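> According to TrEMBL, the feature transmembrane segment maps to 21-46, 52-72, 137-154, 160-180, 240-263. Per TrEMBL, domain 'ABC transmembrane type-1' is recorded for 21-301. TrEMBL lists 332-565 with the feature domain 'ABC transporter'.
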Ligand SMILES: Nc1ncnc2c1ncn2[C@@H]1O[C@H](COP(=O)(O)OP(=O)(O)OP(=O)(O)O)[C@@H](O)[C@H]1O
């Protein structure tokens, strides 16, 4: 019932829990004083012995205790709030730091949607565990012992009977725990997968509408939601059943206390005030444990979530990388490179080649031949490769991530721009750039005129730059990449799906970059790569051909086939257009 690892993960929580238990205990003592005083007032009233002095003493005592109880209760709830706030902060920081340590290759080990679920919903679930369950756990043991100590002076048999009934509640809790743990783990699994599907379908709603597949997808989600509804109902049934058992124990125990007090009063063993005190306090014996039972189910949910958090925190991290690239003009050398996403699927096989600085290297091949996989290896996103990849004199997977990021810039086909101004987005490339440098790259990428007609560098970009065209997004991403000014640039289909004008502008920039940098260009359009210094042709993960455009046409192999096929298609298109 106590997850040691979770508490050790947030050591600061211990003090907060201790404070809350003490404050709750203070509130209990105040309550005891109120109830005892009340019992004595009632007895005095019954015996007609209530005079002004006694009444005012009782009133002062009750009022003073009420003030103490109010103070303890409000301080405890403030502590509870502070504890849950700091727990959430600490765990989210740990998740973030873990992701930073996993680095750009985190997706080799986990999915982004899962991280979002764990970091947001999963951590929220732990609020009750630290803020309410843990203090209640200790308080619910301290409270019956305190009450026993107070009542044993009045009637030992009643105090003993009540004390022995209290453990029946945790026994009932423990009985459901094994079953509850399995059920909650399945509940969380289904919750995460429903969340994934929901997010994916929501993001792809337009596509689903275009293909009129939204209804079919909605039915599929209905099935998933129905499974989730069923498991949620099972969780709730389990929780309600155990609450009923706990209520039976609590009310049964309190009734026993009342019965014993009445019996002892009748036999003259105790006074009326003592009997009243036992009756008032019988319920108090069970309230803390009963409350623990209610928190327990929410806390179990949190513990199931914490398993997922620890799975993420336990992911193996890439080994410590110490090397820093010092060459100003690094080359890339690849030897017997191999890569697999899954053990039985070889995506790259035995590739050996070299990319000299100052050259334009093109990588071509049919879809799925492994071009992007190679680009991701060169940018550190895919780290578990076999063979060697050397950047200058250093092995790539030994290079510190910050150093690699200062050396290689990757521009993919759907670049991400962030909500904010154009300036904010450009400064990501180089935080120290001044406005004139920003305008220079915007001129180079031919965005300057457009932006001048808007609000210049202060033009606001919506989420995913929804207020820019596809071509403008890619040109702005290129401007940001130019500001980054690294010796190596990798363009992975950076001009696919954009207008001809933007494509031409970007290609012209790529060619201008070449002599001062090492540029790797991945493209399906062979016309874009025909002037490359070297063209690598991949086929099913193997390097089939290497050479210039002319060499490869003469060789009359895979590249020549691709070239002629594309030419025929283009000619066919021109004829249709004519
Ligand atoms: N994250 C991944 N997990 C598992 N398999 C993957 C992953 N990414 C790519 N693959 C597989 O690896 C192979 C090579 O993919 P890659 O994206 O490198 O090809 P590509 O040549 O860039 O294709 P395209 O030209 O269509 O972009 C494909 O068979 C693909 O299914």
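Even glycines carry a Cβ here, placed using N, Cα and C.
Can you tell me where each of these features sits in the structure?
If one looks beyond the transmembrane segment (137-154) by at least 6 residues along the same chain, the residues whose Cβ comes under 8 Å of a Cβ in the stretch are 1-2, 17, 20-21, 24-25, 28-29, 32, 160, 162-163, 166, 270, 274, 277-278, 281, 284-285, 287-289, 291-292.
Within its own chain, the transmembrane segment (240-263) is flanked in space by residues 155, 157-158, 161-162, 165-166, 168-169, 172-173, 176, 180, 270, 274-276, 278-279, 281-283, 285-287, 289-290, 293-294, 297, which lie at least six positions past its ends and keep a Cβ under 8 Å from the stretch.
Model confidence over the domain 'ABC transporter' (332-565) stands at 92, taken as the mean pLDDT rounded to a whole number.
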> For the transmembrane segment (21-46), find every same-chain residue at least 6 residues outside the stretch whose CB is under 8 Å from a CB in it, and list them.
54-55, 58, 61-62, 65-66, 68-69, 72-73, 75-76, 79, 135, 138-139, 142-143, 146-147, 150, 271-274, 276-277, 280-281, 284
